Amino acid sequence: MPSDPAPAPIPRHLAVIMDGNGRWAQRRRRPRMIGHRAGARAVDVCIDFCLETGIEALTLFAFSSENWGRPEDEVGALMKLFLGALEREVDELHRRGVRIRFIGERERFAEAIRARMNAAEAQTAGNTRLQLSIAASYGGRWDIAQAARALARDVAAGRLAPEAIDEAMLGARMALADLPPPDLFIRTGGDTRVSNFLLWQLAYTELWFTETLWPDLDAATLRRALDAYAGRERRFGLTGDQVAGTQPQENNA
Ligand code: IPE
Ligand code: IPE
Ligand code: MG
């Protein structure tokens, strides 16, 4: 009897740039904020998909270091939306076994938001079904700088010799150090750039871009991304033969 084909590999960790909210609203001649509200619903679609497919970790880029520079009324409205989502969604996510964490420069948020973030993390700390990390006030450069600062503190305190610093040591102080690095990166909205997301952690992540605007996200789009991922050969700098575990056809020695 023919054996079943091996199941397609599922990414353990998915990282997403949720882009295109403003354009989604502008195409409907509505204010950008309407797009952000619709985008909040798409977050639920994405989380549901991860829970159903068995993806272990999901990291969502919600607000970048650079997004603080947007018009004051947009930043203010986004903060309100964020606070509202924290108030409404956390109990349900907890019930579904989701652990919630926030990565980024938390000090820049108002106290009411920080308190909710801390409470959400504490409430869900014991959950293991899905590791949900929300990157908010986050920048990849900030992340590298804060990790370097942590090492510098250890050196200054005499706990660490500068010569001992290596990639693993810096990596251990980066955000998400306890998770496997992202296997798959998705950016919606049609732009093909990383926009200061997880610069360190994305070193060998498979990148996938779609024109779909974030509020239009559906399971079919995510399924297409997973299918593309399943067809990729991840070589990590090695040769295809090495990765396949076969010998090269020709011996060129
Ligand atoms: C992403 O959508 C959400 C945030 C950056 C907060 P945008 O607001 O960037 O939407 P576009 O790119 O202008 O369409
Ligand atoms: C990246 O989107 C940040 C988030 C989705 C949170 P931006 O819309 O800010 O990125 P750029 O400005 O197009 O590079
Ligand atoms: Mg954008």
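Every residue, even glycine, has its Cβ placed from backbone N, Cα and C.
Nobody curates TrEMBL annotations by hand; they come from automatic prediction.
Taken residue by residue with DSSP, Asp19 (Mg(2+) binding site) is part of neither helix nor strand, so it is coil. The annotation Mg(2+) binding site is assigned in TrEMBL to Asp19, Glu206.
TrEMBL lists Asp19 with the feature active site. Just so you know, the Cβ of Asp19 (Mg(2+) binding site) picks up 22 other Cβ atoms within 10 Å once every protein chain is counted.
Among the features that TrEMBL reports, substrate binding site is placed at 20-24, Arg32, His36, 64-66, Trp68, Arg70, Arg187, 193-195.
Taken from TrEMBL, the feature active site, proton acceptor covers Asn67. Spatially close to Asn67 (active site, proton acceptor) yet at least six residues away along the chain are Val75, Leu78, judged by Cβ distances under 8 angstroms.
Gly22 (substrate binding site) and Glu206 (Mg(2+) binding site) have their C-alpha atoms 26 Å apart, to the nearest angstrom.
Among the binding-site residues Asp19, Trp24, His36, Trp68, Arg187, residues whose Cβ is positioned under 6 Å from ligand 3 are identified as Asp19.
For Val194 (substrate binding site), applying a Cβ distance below 8 Å and a minimum sequence separation of six or more within one chain yields Ile17, Gly140, Leu202. Only Gly20, Asn67, in sequence order, out of the recorded positions Gly20, Asn67, Arg187 have a CB under 6 Å from ligand 1.
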